[in-house]
């Protein structure tokens with residue numbers, strides 16, 4: 001098993017992986033692109049506190065409402081664009097899209113899908129997780145083992161900066177057609193639009 005977040009968004013990756021192992025099963029974790037972009041920005045901000053605000057980086061021209069889709073934090077969330085490249089080399093049957101939101105709420109449920117997709121016996125279940133309130137994420141534990149649970153590292157679970165609600169609204173509008181396209185292409189509705197109504 002190999003894991004690198006940038007594979008999905010790197011144009012050369014599908015061709016290279018296909019030429020190396022065309023039967024590879026691909027697992028892609030996706031989440032609401034707006035939340036993903038803010039999380040990406042938060043990660044960068046922790047390393048480079050001098051960067052401009054999210055609001056400044058998100059627009060080519062804020063007055064005109066022109067989103068800067070070339071900014072990688074935003075471009076990565078245009079999942080339909082990236083999936084289109086992968087579908088030139090791999091059938092949808094070799095891909096599993098895991099919901100980042102459901103992975104937090106129901107890690108065992110999402111892991112059951114992963115195990116089924118990989119043709120594995122369902123060994124990882126509810127008893128392997130507990131929710132860490134400090135991190136805001138589930139942690140993995142070995143039920144038969146008393147060793148410390150494995151939680152996501154320091155770079156995960158950071159508090160996101162407060163983003164202007166108007167910017168979030170504009171980004172939701174920007175992503176909506178791409179999300180609809182992605183739902184259609186992947187055959188799965190992640191219901192990111194419903195989340196935003198709450």
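Placed from the backbone N, Cα and C atoms, the Cβ positions cover glycine too.
Note that the structure is predicted; figures quoted are calculated from it, not measured.
Copied from TrEMBL, the annotated features are:
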type     : residues                        : note
DOMAIN   : 20-176                          : domain 'Sulfotransferase'
BINDING  : 31, 39, 156, 157, 158, 159, 160 : 3'-phosphoadenylyl sulfate binding site
DISULFID : 139-151                         : disulfide bond
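Taking all protein chains in view, 17 other C-beta atoms sit within 10 angstroms of the C-beta of residue 39 (3'-phosphoadenylyl sulfate binding site). It is 19 Å from the Cα atom of residue 31 (3'-phosphoadenylyl sulfate binding site) to that of residue 139 (disulfide bond). Neighbour count (other Cβ atoms within 10 Å of the Cβ, all protein chains): 16 for residue 139 (disulfide bond). Distance from the CA of residue 151 (disulfide bond) to the CA of residue 160 (3'-phosphoadenylyl sulfate binding site) is 19 Å.
Residue with the densest Cβ environment among the binding-site residues 31, 160: 31, by other Cβ atoms within 10 Å. The average pLDDT for the domain 'Sulfotransferase' (20-176) in the predicted structure is 90.
A separation of roughly 17 Å, to the nearest angstrom, links the Cα atoms of residue 151 (disulfide bond) and residue 159 (3'-phosphoadenylyl sulfate binding site).
Counted within 10 Å of its Cβ, the other Cβ atoms near residue 151 (disulfide bond) come to 17, all protein chains included.
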